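*Asks:* Pasting in a structure now, in structure tokens, and then I'll have a few things to ask.
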Amino acid sequence: MMLTVLKYMASCMRAYRSLAALFFTLLLLDLAFISLAPLSFQLLIDRAILPKDMNAFAIILTVLAVSGVLCLSAGVVSDRILAKLSAHIQQDLRKRLFEHMQQVNMGFFEKKRSSELLSYFTVDLPSIERAMNAIMTIGMQSITVVSISTIVLFYLQWSMALVIVLGAAIIFAGPYLLGRRAEAINISHKEQLDLLVGDIQENIKAQKVIKGFNLQQAMTNKFAKRLQAMFLIHYRKNVIGSQLERLPMISLLLVNLSIIGFGSYLALRGHITLGALVAFFTMYTSMGNSVFNLTFIIPVFTDASVSIDRMNSLLHAPKEASGSLSLPAGIDSKPDIRFSDVSFRYNEEQEALKRIDLRIAAGTTAAFVGSSGSGKSTLVQLILGFYQPSSGHIEINGIPMQDINLGSYREQIGSVFQENFLFRGTILDNIRISKPSATKEEVIEAAKKAEIHVYIMTLSGGYDTMVQDEGSNFSGGQRQRLAIARAILKNPQILLLDEATSALDPISEASINRTFKELSQNRTVITVTHRLASITHANQIYVFDKGELVGSGPHQELLAEGGYYKELWDKQNGMQVSSNGREADIDEERLAKLPFFQGVDTEILKEIRSLFNTESFAAKQQVIQAGEQGEKFYLIARGRVEVSRKNIDVEGGKQHLAILEDGDHFGEIALLNNVPRTADITALTPCVFLTLQRKGLHYVLSKHPEINDRVRKTLQERK
Ligand SMILES: Nc1ncnc2c1ncn2[C@@H]1O[C@H](COP(=O)(O)OP(=O)(O)OP(=O)(O)O)[C@@H](O)[C@H]1O
């Protein structure tokens, strides 16, 4: 363990050889004085005090004072050099870690919690710094003092020196034997610390969910369990730490006793002079202190050795596989994307994509549609080269993806996702990140196309307004528009839009979709959407279901085929949302497709239709809370909701059950009678619902006894 840490430090210092050499030289001077000073007692007693020689006394004292001042000054300078060396090494390690983190593949981030990655910087680097400072100060000092003292002690009295060497072996035996256990406890302590920090971090991020679901007490209880686990390991770490310090102390006492007895016996017998005995004891005391100091840094070393291992696990994590061929940039080199028999799995449990064959010809518009979880976003991530297929091939312009330099390829892609990250900095910086050379005018132009310019101009800071905490001072729609501006500014060959307008209101969505259509003139556009009406113009639509490609072709062709696409289309069709998003409507034909209204007379459906109200919810707003009494039915005219259940044992405190989107419905059991809701429903994007109250429906049904029983029976079956 000691050797690992020392080797690691030596490798860190390699870049600063001259600084380190200067440090060691000055340190040696300083230490030589500290180690040899006790010898002056022998000279003072035997050459000056006993023979009463004033001259010798003056010379010895002067030499002592001058060398003392010189060596102590060397010590002060070496402190400053060490401070610089240590700061350099910390900076290098931070840089190395950060640089590597930019290059590791996505799978690595999936497996690690962000708190664990953070702790490399906040826990492990400081622990390495502590060990380095300890070895370069107390450690070096103690080792030098012990080495010089041992030589001098052998020179003064070899048999006593031998006893000391044996004693030193006993002193270190304890820490050596405890070493492995201490290391294991240290590893567990760091792991628990990661989990604890992770819980706190997650709790901060999940405050809206926690308060919304009234989970404060449950979260506090869960945290108390974590603290209990942390307490145990913290206690064990403290115990082993104190044992590592205490054991050498006990051994040292025993060795002291033997030396005092043996030394005094030798002096009594006249085997050594009085001066030599005093010098021996003084030197031994200073050596004893140094040995003692060395035992103090053992826990620091154990800590650092665990940290080095942890950091190496990051530094050895596989990098993104990137080839050497650069894709030529420029407007004429539109990439053609081909998937041949591509399958992909994130983990052993489930295949996210199964044997996909598709081709997105350069300059065309392709759309990926399908239910939630069908693999659309996974496909986008494969196109971006975030993951490698588990089997099959992806080719760009006929070149295997793994041979292409990912940097040059991604240079040609502009992407917008459902959730877009905004960095700390100004709005201008955030848009310009995709094209650092862009002028402010170009940024403004892009912001205008993304329909965010007018809003930016209403802010007192305009484009210099600061983005706070990942964009928390902007709405989901505004964040999405800033991301769209970013992608537009880049003017990429491939525009990748993964639910890029999901957070926008209908007017903005329609208008931005027009912008995207214009932008598609001279480039490849790949759109992932669950809103089929927005991609009817696509050259090729790919339909996914449970990771499989179940259909492809232009809109009309797919409709004519009458498969899954038609099913999705029919589900979404027949509902209209006004352009301001405040009013929604449904026609009777669509109403008749609801299982419990099948076969109901059009006239009655007209009556039922008039009972529907429009309700709007903002993204992240709770629509239904489990346990509350339900009295209405919801039909999603526009938007996406998450169905979940409170469960503090899973991350974030809730268990995800399903995603529902345009055309889906929920809560129909409430149309039958007053039953408590069985799950929570939360809006993921701004949502517009058509809602039907039980009382209204019952009134209509009571007027039409001929359908009353049938509707109730179907509802009962669904229950
Ligand atoms: N990082 C991941 N790790 C493990 N499984 C994942 C990961 N991301 C997605 N999956 C799983 O892969 C499958 C496909 O997910 P994907 O996100 O591609 O679907 P999608 O069609 O884009 O869904 P949505 O429309 O809801 O975004 C799902 O079963 C999902 O749970």
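A Cβ is built for glycine as well, from the same backbone N, Cα and C atoms used for every other residue.
What TrEMBL says about a protein is an automatic prediction, not a curated fact.
If you look up TrEMBL, you'll see 21-303 marked as domain 'ABC transmembrane type-1'. Positions annotated as domain 'ABC transporter' by TrEMBL: 337-571. Annotation source TrEMBL lists domain 'Cyclic nucleotide-binding' at 596-718. Annotated transmembrane segment per TrEMBL: 57-77, 134-155, 161-179, 247-268, 274-301, in sequence order.
I'm curious about the neighbourhood of these features; can you describe it?
*Replies:* Across the domain 'Cyclic nucleotide-binding' (596-718), DSSP classifies residues as 41 helix, 47 strand, 35 coil.
Panel annotation: around the transmembrane segment (134-155), residues 5-6, 9, 23-24, 27-28, 30-32, 34-36, 39, 82, 85-86, 161, 164-165, 168, 280, 283-284, 286-287, 290-291, 293-294, 296-297, 300-301 of the same chain, lying at least six beyond its termini, place a Cβ under 8 Å from a Cβ of the stretch.
If one looks beyond the transmembrane segment (247-268) by at least 6 residues along the same chain, the residues whose Cβ comes under 8 Å of a Cβ in the stretch are 157, 159-160, 163-164, 167-168, 170-175, 178, 274, 277, 280-281, 284, 288, 291-292, 295.
Within the chain, the transmembrane segment (274-301) has long-range Cβ neighbours (under 8 A, six or more residues past its boundaries) at 1-2, 5, 34-35, 37-39, 41-46, 50, 127, 130-131, 134-135, 138-139, 141-143, 145-146, 149-150, 152-153, 156-157, 160, 164, 168, 171-172, 175, 179, 182, 240-241, 244-245, 248-249, 252, 255-256, 259-260, 263-264, 266-267.
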*Asks:* Can you give me the average pLDDT across the domain 'Cyclic nucleotide-binding' (596-718), rounded to a whole number?
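*Replies:* Per the prediction, mean pLDDT sits at 83 for the domain 'Cyclic nucleotide-binding' (596-718).
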